[in-house]
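Positions annotated as Zn(2+) binding site by Swiss-Prot: 562, 566, 670, 674.
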């Protein structure tokens, strides 16, 4: 069976067992700030397992795209060198949300694996593990399925503490957890390795192919396990692993899917030996990179984009090791489409953008390598020993993306080594900084534990009443808060909008006869709306009723910006093309920010046309309508859906703007607050456009009175410019143009005069040349000269004094500029960089450079004259 046939067979089998086939979620986790990438089939169902979300099915089956690279799950360095490490893989899974449990889960797995109708694996090739106290699972395997006792292995707490086991799964330190049962396949005694639980278990003979996790308990902070009222099932089987089993190969890289990619890489790079690890790297990384880009990740220097950039560069580096020249990696997309495009049509649909992104990143990496080589060459010329410092290796790696293996290769060519210990020390420091400063946010789920949902009554009202369901202070639930206490309060119903879809949460206040609570923000925790704020008077208690009052002016301004954001999105797609996809947004009361996918900056003319389109819809003053539809009806209506977002079976469809071909100007799914008519927006004005990451642009805009303020400020600035230029309003551009041309001409004259002055000064300085250590040497101080003019003077002197050592110090205000050059015949013993480093160190400044030319600077201080006077003696010794 091919990998594609195995994937389809798995999904069809579980459909036949009453499961709903659910599409793979995006590799960018939706509404889960704790994850870098989707790395398991259960990620998209996390809220279902936590009881925070209910769907119209209780059984599901998926083939989930997963990436493990960066963060907690980082397989990157092993990829290509082992049989089963990948950055991208597919996880086949079946799930039960409080429906069936161990008996059905294990029976399904055994039936699918061994039945001749499905995979037909030999039963004598299969072994299973169970948690050592899970007698229920053991008995199901032994007494009901009929597996011999010597094929069932009990695994205890093999990770150092209670419930820390390969066969016990936990979502976190507290919360859902439970035992699991894994199924292993025996590849045969010709391959080294032992059964699970033996010293040889890390070998490749017995390979785990399926894991059945039983969410049976809730673990509390005291470590006690309490049975869940509705236990659930989460299973996972790696498609690549089961394909290797069915295709009778031991390495995942030998399955049909990878072999097509590896053979294609050989053709693209012109390589004959298909067994090289670098080919496996290119094949694996092509999958993760193409799928990540398709799911909206773009190469950048932070977060997910940084991980993608590292993977691309690692692939390109390995391609270069194989002999690839120019851009080649983007060509791997078409072979990937050949084998995975039917299952994942986003690859074909987004082919042009994926290829363009890869080409751009390859070209950028080529420039980066060139810059890194220059830096490395500079460091090597100043190296005093045989070891390149770890700090230098890390700087090349971290700042320039320079692969450490390339640094090591260059070092070996010069009979040098790299300080691997020092490099690892720097890497660990970076990891520590990342853990401290770059942790993903923790949401309120870890604090707020409320059954049921808050009823939102705020679409058409800014005030209402509600009962206090829960109060939290300092992370703990309390019954009462008093004046000065900061707290989180949950009501049974509220007019306050909770932050979602880019729109900020409402602010305002709660009040009753006993106290006032200032609401500073509103967020969601599952179905609960959490009001964050401070008690400003009196006290509030649980079960009390309060008047909930939203700040109406802030709400109205936010609504204007939210509706304008929808119009902006539609206008962008009209002007730039339908490839434009939202990548992020902020809807506040004073500004709107919209991030979108686009490879090029938006031109001034395009921005004007976008503004014109949006304001035309504002002037039209059409109604903004909402309706609740099932998801299929919403799609049929043409509603925009954000890729990677999770939508329920019933969605809120927002339509606004003029009707063209029976479709509104803008139709999107949205749960936010909006104006009633487009005219309520008043005026729309773009205030900035720029890039925030490769392939991602950002537009910031304002509406209503804020937009009027921007226009009036621009008018005032023009009026001020006219008064300075003594120009009439219709003469502004003409007068500014004339002033620019005049200024440019004056700058040229100044440059010419400075050059004449430098030539004149250079001729005078030649009389100060002296012989130091057998070298013609000029050391002098020049008054009232900036760094650029000092460089010009140096160049003039050097043109007249080629075979010499030149050291110039320029003084301007409280600054010292330094420049030194050494004729090439002297650089074996004396380096310009060393001269500048010596002077800068003595003067408390910085500087450095190449052996023949270096520059630096320092603050002017009382040591200056002494340091310059002592320089000849220093040169005598070097």
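Easy rule for this one: first residue shown is 1, then count along the chain.
For all residues, glycine too, the Cβ spot is worked out from N, Cα and C.
According to its DSSP assignment, residue 674 (Zn(2+) binding site) is coil. The Cβ of residue 566 (Zn(2+) binding site) has 654, 656, 666, 668, 670, 674 as same-chain neighbours under 8 Å, each 6 or more residues away in sequence. Listed in sequence order, the residues 503, 559, 563, 565, 587, 624, 654, 656, 668, 672, 673 complete the 8 Å Cβ shell around the Zn(2+) site centroid, once 562, 566, 670, 674 themselves are left out.
Cβ neighbour count for residue 562 (Zn(2+) binding site) (all protein chains, 10 Å cutoff from its Cβ): 26.
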